[in-house]
Amino acid sequence: MRGSKQYPTALTIAGSDSGGGAGMQADIKTMQHFFVYSTNVVVGLTAQNTLGVQGVYPTDPVAIAAQFESVMADFRIRAAKTGALFDAVRVLEVARNVERFHMKQLVVDPVMVAKGGASLLDDKGVLAMKKELLPKALLVTPNIPEAELLAGFAIRTKADMEKAARQIQKLGVPNVLVKGGHLEGEDLLNYALLGEESFFLTGKKVDTIRKHGTGDTLSSAITAMLAQGISLKQAIVIANDYMNRIIDRPLLIGEGHGPLNQALWPNPNQRLKRSGQDFSCQLIIGLENVAFDRAKFFALVEKACLAGVTVVQYREKGVERPDFLEQLSVAKALKEICRKTKTLFFIDDNVDLAIASGADGVHVGQDDTSVQSIVRRAPELFIGLSVSTMEEFEASREDMPYLAYIGVGPVFDTTTKKDAKPAIGLNGLAVLKAAATVPVIAIGGINEKNAKAVYQAGADGVAAISSITKSKNLVKTIQQLSQSQEE
Ligand SMILES: Cc1ncc(COP(=O)(O)OP(=O)(O)O)c(N)n1
Ligand SMILES: Cc1nc(C(=O)O)sc1CCOP(=O)(O)O
Ligand SMILES: [Mg+2]
């Protein structure tokens with residue numbers, strides 16, 4: 001099975017991170033995510049967690065060579081990458097094996113310093129990398145401090161990045177990707193110099209220390225795509241896009257530099273789903289809201305979808321609510337209406353029902369299933385979270401990057417929800433909107449007459465039950481509930 005039909009296989013030549021966030025562990029998770037099998041040459045061990053590096057234990061060069069032998073004797077390695085190589089002895093041993101096994105698609109992530117500041121390559125190691133390893137590489141992916149060491153001068157500006165990339169190219173590596181995350185400024189720019197061609201890529205700057213393993217993940221994503229047969233340019237562009245999608249949705253693990261979640265972007269369809277969705281006009285409905293008249297229920301939902309609601313949320317709350325299987329059959333029928341009318345479909349509270357019915361999202365309250373556990377179980381679901389006070393907002397702050405929107409209310413008194421909290425009014429809505437970093441969907445007593453004031457208070461959209469289910473003129477009601485009335 002050494003032919004082209006073999007499952008794409010890559011090799012990571014790097015250090016182990018006992019904390020699982022960076023190094024070889026990040027490489028394996030990333031490659032797996034891109035459907036590439038990852039083999040490994042462990043160049044050293046680190047005793048490490050999110051708080052720092054407690055110990056560094058380089059591997060015996062004999063053991064490095066033996067791992068290369070084993071891997072190359074069995075697998076067809078289509079691309080390889082290096083990570084932490086520790087010192088000149090290990091760099092030279094790796095370079096020798098790269099040469100020996102004719103590895104052409106080699107990505108060098110010139111790991112020199114760990115996030116907490118610990119050195120992962122000594123001065124002689126940097127020299128050996130410049131002289132012996134980079135001339136054998138297809139691509140090198142330095143961050144700013146690494147690019148400064150490789151190029152030999154300080155980098156402060158975009159122009160410096162370009163100059164440094166050209167200088168690094170002179171070391172014999174044809175392609176250079178300089179990662180600009182360490183530069184000052186609101187925007188993050190990465191610079192790719194691929195042979196003669198060059199371009200900047202926009203990255204996402206996030207204000208968090210939970211991004212351990214970012215460099216490993218980016219270089220592994222590129223390597224995995226090279227192993228898939230994708231061109232270097234395309235691999236870099238897709239890997240950059242991937243990083244922008246996962247960078248602000250880390251796993252909440254450890255007390256310090258926590259890890260990324262490489263699995264957050266499960267398949268290409270999710271890419272499309274995540275961009276530019278419209279949550280602005282939401283019909284929340286259950287059979288109880290139409291006195292269990294099924295015919296009326298489905299007809300009303302279809303008409304509302306055609307009239308312009310952007311989200312249908314299925315919510316059963318009554319004491320006589322249907323059992324799970326019956327709710328599932330209703331949910332599936334609603335999903336079908338939504339699919340046909342290109343409307344998003346959400347489920348209230350019940351994550352199992354959302355998964356089973358193929359819903360696009362789930363809406364949860366402060367006391368329902370936690371946002372983090374939904375992300376773990378069903379990362380493909382959009383999540384809406386109820387927030388009615390600043391205290392609740394503060395308590396949910398770490399969940400914000402995972403949310404599609406927050407449902408803020410009740411803005412006005414409502415008799416529809418039996419256990420509704422006190423109305424927060426338009427002022428309460430405006431305060432929460434000022435703090436929010438995701439769309440704010442106002443809820444509670446919202447109707448044709450007050451919708452305009454709700455938008456003026458800052459809402460990005462509205463959700464309603466009674467004003468839609470009891471409407472005498474559905475098309476007009478939905479028009480008035482939709483933001484388009486402002487124009
Ligand atoms: C858009 C939107 N906002 C708020 C809610 C209320 O959800 P929750 O706080 O979980 O209350 P119940 O719906 O479970 O009574 C919602 N469903 N949708
Ligand atoms: C389901 C729900 N949640 C609320 C909240 O404040 O979180 S208020 C509410 C009821 C919304 O119904 P109506 O549009 O008929 O007032
Ligand atoms: Mg709830």
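Backbone N, Cα and C define each Cβ position, glycine as well.
Remember, predicted model here, so these are calculated numbers, not experimental data.
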Going by the 4-amino-2-methyl-5-(diphosphooxymethyl)pyrimidine site in TrEMBL, where Gln313, Tyr314, Arg315, Glu316, Lys317, Asp348, Lys417 are listed, which of the candidates Ser280, Ser373, Ser386, Ser467 is also part of it? Ser386
Cβ neighbour count within 10 Å, max among the binding-site residues Asp348, Asp349, goes to Asp348
Gln313, Ser386: which of these binding-site residues has the sparsest Cβ neighbourhood within 10 Å? Ser386
How many whole Å apart are the CA atoms of Asp349 (Mg(2+) binding site) and Arg315 (4-amino-2-methyl-5-(diphosphooxymethyl)pyrimidine binding site)? 8
Among Gln313, Tyr314, Arg315, Glu316, Lys317, Asp348, Ser386, Lys417, the record's 4-amino-2-methyl-5-(diphosphooxymethyl)pyrimidine binders - longest CA distance, Å: 17
Looking at the binding-site residues listed here (Gln313, Tyr314, Arg315, Ser386), whose Cα lies nearest to that of Asp368 (Mg(2+) binding site)? Ser386
